[in-house]
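Everything on this sheet refers to the single structure shown next.
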Amino acid sequence: MSLEQGLLVITVPNRFVGGWIEKNFSSQILSALQEVSIADGYKVQVDKAPSTIDEPSRPAPAATGRSSRMAVSPVAAGTKVNDTSASVKRDKYKFSLEKFVTGKSNELAYKASVMAARSEDKIFNPLFIHGTYGTGKTHLLQAICNERLRLNPKAKCVYISAEEFTNKYLDAVLRTKRVDQFRNNFRKVDILAIDDIHFLANKESTKEEFLHTFNSLDLANKQVILASDAHPTQINKLAENLISRFISGMVVRIESPDYDTRVKICRIKLADGGVDITDEAVEYLAGSITKSVRDLEGAVLKLQAYSAIFRKTIDIQTVSHVLCDLVHHRRTVVNVDEIISDSANFFSLSANDLQSNRKDRTASMARSIAMYLSRELTGMSYPEIGKSMGNKHHATVLQACRKVEAKVKKREIFKWKSPKGIHSDSLSGIVDTIRQSVES
Ligand SMILES: Nc1ncnc2c1ncn2[C@@H]1O[C@H](COP(=O)(O)OP(=O)(O)OP(=O)(O)O)[C@@H](O)[C@H]1O
């Protein structure tokens, strides 16, 4: 995109895309432009890039940065791809291990993925990755396949969603009657990566077929990798035999990204997109969008578009203005009891411990964090918060909020002891984790 003298020019890869944008989105583009700009009277022009060929299904070049995002690619972000053809190529799938940003929230899942990708024989079967939406499960599954293919271009790696697996199986049984071919496709591979495996939960015949597929790959020493939004034992209507198979492998959870990982992800993705942004604005962005990497990517794309149009350094005000719908989006009703209980849980304490007058370091920190988050998430007054916290004085609440705020800013480390052992984490990380659990 470029914006000069009231004319916004959008360059597209082919006439089809251009026509579609003009027909369907002109008015939205104009009103979006007016929203982010003070000037009026813009015009929009859609141009076809001179070097592109007019074939919508042509693969996008493997470029990085802005141009690759704008190109039409047959493998869009997060698309569940299925291809069992023998002629596998490098970077068959969109995501790679090297583009996966690691931090405390996903390190174990990442390391297990690297091991699964690099070892010819299975190490643990299956590798089961679970976590909430947009935290990188699909990314890792596809990246494992790509990495194995990079090391051994002759390897057979299949990435498929459980839904697609089900459809193919039913098709083979009911329509084409080619069950043998179906089994050949899935039982003679080096890596079988199935996404959203919870989809199989109430599909009785497919579950059984999958179990046989799994057993046959396991016997052949081949690697199975599964992703789901929940731990195997938490998936409703998943058969006992499948649950026990799954938990006999390696089950790893990806958490929502912690603050430091979010900062890292933002920096990398913004730099990839060529966005000029201040450090404070990156920190503000990472502090405001907490749930998933997909949400962060959405924010980065908006900032990228803004920066491409207005060509100026992005500061905190711009982030807050451009992303107001994302940044201020919060669960509306947050209950102070949930905050107290989640803060207590985090430190292996009880709600009573926080509402009592216990004075040890851990209890008073847990209490202070609960007060701080109550103020931030509920908008309650200091006296009201004090009352919910076992009739504490409002000045105590005010002091606690200030103390936590200062420690979060300084990224101070807090150490504490619980029955599970000795722990240590940054105050910003602790507050983030409790906030996420309250808001989820
Ligand atoms: N640690 C990470 N580093 C870089 N990019 C990431 C990371 N985690 C997630 N992403 C990116 O965030 C987007 C969403 O990730 P992905 O589709 O893998 O999430 P998911 O956990 O499979 O979500 P869902 O359960 O909704 O399918 C992708 O574009 C992915 O590349």
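In case you wondered, yes, glycine gets a Cβ from its N, Cα and C as well.
According to TrEMBL, the ATP binding site annotation covers Gly134, Gly136, Lys137, Thr138.
For the domain 'AAA+ ATPase' (123-258), the model's average pLDDT works out to 93. What TrEMBL records for 123-258 is domain 'AAA+ ATPase'.
The domain 'Chromosomal replication initiator DnaA C-terminal' feature in TrEMBL is assigned to 335-404.
Taken from TrEMBL, the feature region 'Domain I, interacts with DnaA modulators' covers 1-55.
Residues or ranges marked as region 'Disordered' by TrEMBL: 49-76.
Summarising the annotation, TrEMBL assigns region 'Domain IV, binds dsDNA' to 308-440.
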Per-state residue totals over the domain 'AAA+ ATPase' (123-258) - DSSP helix, strand, coil: 70 helix, 26 strand, 40 coil
Among Gly134, Gly136, the most crowded of the binding-site residues [Cβ within 10 Å]: Gly136
Chain-internal residues near Lys137 (ATP binding site), provided their CB is under 8 angstroms and they sit 6+ positions away: Ile129, His130, Gly131, Asp195, Ala227, Ser228, Ile254
